[in-house]
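Worksheet for the structure shown next.
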């Protein structure tokens, strides 16, 4: 009788731990979904400046996040019901998500160098073609405005575009008192180049995403191991 009570108590404790793990897993899915939407809605102007940018990247994060939400919900059902058959189905889902996360993390790390080179050539092309009314005009203006930068290496890059030594209004610190005219006082404009700021921004975020993806992948292995221990040893 005592042994039976100990077994029930152990299973109850493990189920509680699994529910906590599943909630964390579900929250991670929400984060990935948010990151994908953030890249697609708020950061598209930044990534579109890179000649190496692939528009499918945000959808990968959105899809992975949505998949994690579904798997997380299913994992909670498996934990509550305690049926071994559901565990095997859960294991398949976890394996798919694990491969997706690992692939995304490694791809992001390997893709980082191409993105950096793509930003440099993309920024240069945007300056050369600036004023043609294309979407890149809006993109580079947004980058210069929000990252508080001007040009690729510095504000002098715009001088090759306009011989009258002028810069776009998006380079101005105070746009209300700044005009599309020759620069006489550089204290009124951003003088730092955008390339370094863009690369630093992307690297910091890619590093965080890579670490998060690997941590989440490791977390899944722990969750699967605990699930297997609960359902196979205690047969609940």
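For all residues, glycine too, the Cβ spot is worked out from N, Cα and C.
DSSP assigns residue 150 (disulfide bond) to coil in the three-state reduction, outside any helix or strand. If you draw a 10 Å sphere around the CB of residue 150 (disulfide bond), it holds 28 other CB atoms from the protein chains shown. The feature disulfide bond is assigned by TrEMBL to 150-171.
Residues or ranges marked as transmembrane segment in TrEMBL: 16-39 (among others).
Per TrEMBL, transmembrane segment is recorded for 59-80 (among others).
Taken from TrEMBL, the feature transmembrane segment covers 87-111 (among others).
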